[in-house]
Every structure is written in structure tokens, then in C-alpha cells.
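S.K.: Attaching a single structure in C-alpha cells format; questions to follow.
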């Protein structure tokens, strides 16, 4: 029986709804699925509002996040859409990366205009690297006065510009509720919103197009053949006989050639992002490499020891710390496959960090780790996860 193959006929884009509580994020999500299911029944099924709103809990690195996933298609694209109903859920999702977003729909109620969480979500989207935001101005059926709508639009554009987002981004007037009720005029506006997503959210750069990178999980010696390292390819593609560097953890990097690639006990000519495989390395002894190092295309990545990160600290209920931590806190930072101890410097004016907080911090690691902006990590004390974060800036 052949496995059902994932059809790669259309570009796949991850998208999400962001915005202030009660401005209609979930209703907008439901309206999109309904209108697309009505318009392109052969491509889509509708998801009921309550199935989206009762978001299942997800465990991402031990942090409980309520998040719902729906998928839908336009004629041009296949979208996977995440909706995090609660504000805390949204923040946790953004920082821990339970769902990566290639673009976001910022939902703003025309009746309220931008509110504190609207601003906070846009700031977070910038910090975690969401590349594009467009706007759904919701509840437009409730505002008679055109001037009010124009004022709200101006405020939203200023907000986007503050965070270096496209000030000229489309702002589509919608009424998610009316569209859900089957109103034809407002249904058309949802289609316009999706057209704006198709036209303005850039096609994502897929992991396979980036330079090769594979974190080492395990190391074996095969008598008579040499050393094999195993792991999951994070980025790029690799062919047999390619040269690679082994970097991170140790002072010096090592160069070698991949003489064989094995997957599910079969020999392959190449490996690509997403594959779990073993690489046979020429002239490398078992003690030359260790878990936590990464195998990379020569010169494509560099190891670093100092960075700034945006971190969510687990609350006591989530299994995190029971007490705050202070400047010079020294936990382990778990990157990809290994822990490295680091020293935390808190931002000026922050005396301490409480469980349940999110904070921006600077970290100095005692060993170098191959990283770039956007890389995620967990913060651990022994085997217990106490926080999750992502690299926002490399210092050294």
C-alpha cells in the first residue's frame, strides 16, 4: 500500500491571525474557512467557529499552549493557519515557535482602533521575524462614519511603520460575523482579504534552499568504514563527496568529506532538509566529534558565544521555577541537541524575572554554538525546562 503523498503542487504558506482580544481573530479565521469552502468546495472544508475557539492544548517544550490549526486553499496557494485565542497563548506561541508564521493577518476592530495588545503583537511579530503583516479591519458593518475608519487606518499604518512593516500594506474592510452569517457583500470582502494574502505575503524561503546544516545527535564507529554521525537535516541539501565543516562546542572547527549518506538502512546520493540520516565522514575519529556540534556547508555558518534573546519564563504551574531569578543567573541553554551553560545579563532597570514573565536578556555561553537570528532554545536547570526563547541578535 503506497503512502498518501503530500501534494507539493502549490506553494505552502504558514499564516496566522494576530491582534487585540475580542477584535475578532477567531471569527475572522472561521469566516475565511467558510467563504473559501463556499467558493472553492473542491479545495476546502469549513471549520466551525467553536472547533477553532476550543483550541486544543499543545505541549511545546513542556509549555502548554492553546492553539488551533486550520488549513485552507486559494486557487494559488495552500495555507496552514494558526489562531491562538488567548493573549498569553499568543505570546508563548510566538516566542517558543510552536508555529512559524510566513505572514500574519492583523485583525483590528474598526469600532476600537489599535489597542495595547495590537501594538504588543506587532512588536512581537517583528522580534520573532514574521516577514509580512497585512490588516483586516473588522466590524466595519458597525461603523457608519467613513472618517472614523480613515482615522483608524492612519493609526494602524503608523503602528506598522513603527516596527518597520510595510506602511502601504493592504487594509481590507471586513465584517467576519456578517460573512459567517452568509452575507454576500461581506463574503466578497473575505475573498478580497485572501487575494491580498496571495499577492502580498512573499513565498517563503524553504529550508531546502538554505545552506546545508545538520545537528549531530549520535556518533557510531563502523569497523572498516569509519565514523558515522546521525541527525535530522535542518537546512539545505547534501550530496555524497561534498566537503563539510564540523563546528560549535569545541574551540576549533574540523573539515572533512562526506563519503556516504544512509537513511533507513539504504544508501542515498543526497539528503535534504527534514531527512533523518547518517553521514559517513572521511578520516574522522569518534573522539573528534560530539553531540551538539553541527555539520555545515563550509563557511556558511559561524559559532557564537554572545547573543540577545527574547525569553518566556515558565510559570510554576507549567513546571517552571517557583522563585524569581536575578542578574548573573547561570542555567543551561539547550540548542538543537545539547546543553551549554550561559550567564544571563538582565536589561537595565530589571531587578529580577518572575516565573510567567517574558523578558529580553543578553547571554554569554561558555562554549560556542552555531546560531543565527531566530534560532530557538530552551533554558534548563538540570533536566527541567524553565524557559524558552529565541535569538534576536548576535553580539559576538
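Including glycine, each Cβ sits where the backbone N, Cα and C put it.
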S.K.: For which of the residue intervals 79-82, 83-86, 87-90 does Swiss-Prot record region 'G3'?
M.R.: 83-86
S.K.: Need the matching range: Swiss-Prot marks region 'G1' on one of 19-26, 27-34, 35-42, and I'd like to know which.
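M.R.: Result: 19-26 is the stretch Swiss-Prot calls region 'G1'.
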S.K.: Among 138-141, 142-145, 146-149, where does Swiss-Prot put the label region 'G4'?
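M.R.: Within the set 138-141, 142-145, 146-149, Swiss-Prot attaches region 'G4' to 138-141.
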S.K.: Among the residue ranges 52-56, 57-61, 62-66, 67-71, I'd like the one that Swiss-Prot describes as region 'G2'.
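M.R.: That would be 62-66, per the region 'G2' entry in Swiss-Prot.
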S.K.: Write out how many residues of the region 'G1' (19-26) are helix, how many strand and how many coil, based on DSSP.
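M.R.: Result for the region 'G1' (19-26), in helix, strand, coil order: 2 helix, 0 strand, 6 coil.
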S.K.: What count of other C-beta atoms do you get within 10 angstroms of the C-beta of residue 84 (GTP binding site), across all chains shown?
M.R.: 26
S.K.: Write out the long-range same-chain contacts of residue 22 (GTP binding site), meaning residues 6 or more apart in sequence whose Cβ is under 8 Å from its Cβ.
M.R.: 109
S.K.: Count the residues of the region 'G4' (138-141) that DSSP assigns to helix (H, G, I), to strand (E, B) and to coil, and report the three numbers in that order.
M.R.: 2 helix, 1 strand, 1 coil
S.K.: Near residue 26 (Mg(2+) binding site), which binding-site residues out of 84, 87, 140 have their CA within 10 Å?
M.R.: 84
